[in-house]
Every structure is written in C-alpha cells, then in structure tokens.
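Here is what Swiss-Prot says about this protein:
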BINDING   T231, A232, E233, E285, S385  L-serine binding site
BINDING   R262, S263, E264, E349, I350, S351, S352  ATP binding site
Amino acid sequence: MLDVKLLRNNFDEVKQKLQNRGEDLGEFEKFGELDKRRRTLIVETEALKSQRNEVSQEIAKLKREKQDADAKIEEMRVVGDRIKTLDIELREIDEKLDMILMSIPNIPHESTPVGESEDDNVEIRKWGEVRAFDFEPKAHWDLGTDLDILDFENAAKVTGSRFVFYKKLGARLERALINFMMDLHSNEHGYEEMLPPYMVNRASMTGTGQLPKFEEDAFLIEAEDYFLIPTAEVPVTNYHREDILKAEDLPRKYTAFSACFRSEAGSAGRDTRGLIRQHQFNKVELVQFVKPEDSYVALEKLTGNAEEVLRRLELPYRVLSMCTADLGFTAAKKYDLEVWIPSYNSYREISSCSNFESFQARRANIRFRREPGSKPEYVHTLNGSGLALGRTVAAILENYQDADGSVRIPKVLQGYMGGIEKIELPK
C-alpha cells in the first residue's frame, strides 16, 4: 500500500510512474476525486462543529438570562443533522479510498527500466556456459518418466492436471535440494530457518498483496476462510504483522521451505507438460526486514544468495532487471533469475528477488523504532526464491543428462544423496 501523503502531495508524479507500469488509471483518478471531496467535507464539518459550539454557548447564555432560546436550539438541530449527514458520507468515502488504495500497485524505483512488455526486461549478467549436446537431449518430463522418478500420469489420476508424484531417486533428489538450499542459506548466508504454516487467513494474504486483487489465483478453503499459501513469503512476512521491531534487531533474515499452491488462473495452455507450472510445488524462500536506507544494498545481496545456489549446482543462468510493465503488483524493483532449460532452448524463470520498500509493511503494519520512544517507521521488506524446487529439478535433469538416458547428480548434491553420482535407467 502506498503512503496516502505521497499520493496527495505528488499526484502527477505517481500517476506518471503508474502509467509507466501500463496501469489502467481509472481507480487512481477516482482516488484523486474522492480525496478532494473528502478534504472539502472535512473543512465543512469542522466549520459546522465550530458553529455548533458557538451556538451551544449562546443557548446557555440565553437560558441563564431567562430569554427565549428556541430559535438557536432549532439552528443547532439543523447544524447537528448536517454534521451527521457529512460524517456518514465521510465514512463511506474513507471505505472507498481504503479499497482503492489496496488496488493501486507499488510505484517503480527510479532504477527500474521503463518498458511496455517482458521484451523490455534488461539482462544484467550471465553465468555459466550453455551445454552443446552431441546427441538429441530429452525434455525433463520424458527423462523423469523413463528413469521412473517422476509420475505425471498417476498424479493426474489421483488429483488432476499440473500435479506430479516424485518417486525413488526423484523424491530423494528433491529432498537433497531442499536440505542443500536450507543449509546454504542458514549456515553461510545468515538466514534464520523457519517451517511455516501452509494455510493463512485473509489478513495475511492482504498484508503481502495477494488480496484483494488476486484472489482468483489462490486456493481458498471456504469452510475456514483460509488460503493455501502461494509462497512462504506470505506466512513469513506476516510473522511480524502489527509488530514494532527494534532498530538493533534489523535486518531480520528468514529462510523457509514450504509447499506452494497456485491456481494458475490465466495460464491455460501454457507449460502444460512437466514441472515448470504446477498447482503444487516446493520452494525455498528468502525474506528480509531491513531499514529503509539499507534495502537496495540488501536486494543485491539477496539476489546474490539465490544466484549462489545455481552457481554451486553449476547450472547456467542469467539475471534480468524487470521493466515497469513486468514488475508485479507489490515490487518497486525486481530481478528475475532464469536458468537454462534445453528442451525450451531458452532461459526460464527460477527465482524472483524483489524489494517492496514499505509497500507490504504499510499493509501489514510492520514498523521499527530507531531509538526507544521514537516514532515508529515502516520497515522495508524483501523476498526472493532460493530456489523453486520443481524448476531446479527440471534444470538438473535436462542439463546433466547423458546420451544413454542417465542423469548425473551435481557434485554439491552427492553428499546429500548418500554418495549417489548418477540416476540410471531401470534394468
């Protein structure tokens, strides 16, 4: 949620930045109109209340002097009725303004590239060499089926499309990746480990920006009015909802493994095969709470923490700075990490690392005090995937495959796999 003062005092500047996002400005314009009406009503209400106080004093004086006060009493009744009417309108406007505020996205940071589509995202750097195969490489869904480590068919029978069973060494590979990532982030990158709830309430989904605008993308448990989490970002960020943190305790850095659940509304026909776009998938998340002046340095470090996973797995990747049109609702600046997937002959997103500045903190009321007794300020929140597990498995299967259909295990994972170096075709 944006600062109301920013909207009031820098209306045209904010409007331009939202235009750079490609946003429909209808709701934003409506905010300006309603806020103008609200200020007019406040001025009128305050004037009437002042008038009512004066009339009350005049009535008291007339009564003390045994004079007729009926006319003044009638005047005060009319004024009182008008104040009640204005107060009702003010409450209605405040409710509308709150709803509009919840629907306005974050404004891009000045370093975010201005663009009209994903084609305008800017490549920042690349790492690793794309492998040149001397045989026709298989897609990960075929590799997983042939190796008997991924089962999409029975998952479709048990549940439906966009689900998978990990089996045998496939399940062990996923578990090895989880442990490797969590160990790296907690032991070397300084994150505190968490295992969060997989269901959250509406206040939590609102705090991180999924609600009210993106409810159709979430899975709702109607009987309880709980949502299955789309990412561990939601419960971990809301861990500090309504908290006032101490400055000396910042930054707070958390890493969390969780299953994630997404309806993928609007994704019909896209990535229908394999692990790239599932309704349920595992992910290791990185979340930070920092002082405002530290958040952009923190973003670079957080992005580097996610990159380190790919480097140690020796998977080729690139980093993109996302343009204004491809930024997402809550971010002021976002980097995407894309890993090379041979079956697509392209890089595919495997992590997003974002600085939300105070956008989420305002929605979730997460603040800190610089000194005891000082006025609380909003923290800046950041998060990133470190990494998405299904896409990491897909990248390993495809990039580490051999001509005989086997898949080598990255060296960094072999200790987590009990020394297993290769997944071979069943005999």
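The backbone N, Cα and C atoms fix where each Cβ goes, glycine too.
Projection of Swiss-Prot feature records onto the structure.
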residue	record	contacts (Cβ under 8 Å, 6+ apart)
T231	L-serine binding site	S258, C260, K283, E285, N383, S385
A232	L-serine binding site	M194, P196, A256, F257, S258, C260, K283, E285, V287
E233	L-serine binding site	T208, E285, V287, N383
R262	ATP binding site	D217, A218, F219, P230, H279
S263	ATP binding site	E216, D217, A218, F219, H279
E264	ATP binding site	R162, D217, R277, H279
S351	ATP binding site	A306, D336, L337, G384, S385, G386, L387, A388
S352	ATP binding site	M322, G328, K334, Y335, D336, L337, G384, S385
Assigned conformation of E233 (L-serine binding site) - DSSP reduced to three states: helix
Other same-chain residues whose Cβ falls within 8 Å of the Cβ centroid of T231, A232, E233, E285, S385, the recorded L-serine site, in sequence order: V234, V236, A256, S258, C260, K283, V284, L286, V287, N383, G384
Winner by Cβ contact number (other Cβ atoms within 10 Å) across the binding-site residues E285, E349: E285
Binding residues T231, A232, E233, E285, S385 (L-serine) - maximum C-alpha distance in whole Å: 9
ATP binding residues R262, S263, E264, E349, I350, S351, S352: largest Cα-Cα distance, in Å and rounded to whole number: 19
Close in space, distant in sequence - I350 (ATP binding site), Cβ under 8 Å, 6 or more apart: L310, Y317, L337, E338, V339, S385, L387, A388, R391, T392, A395
In three-state DSSP terms, the structure that E264 (ATP binding site) belongs to: coil
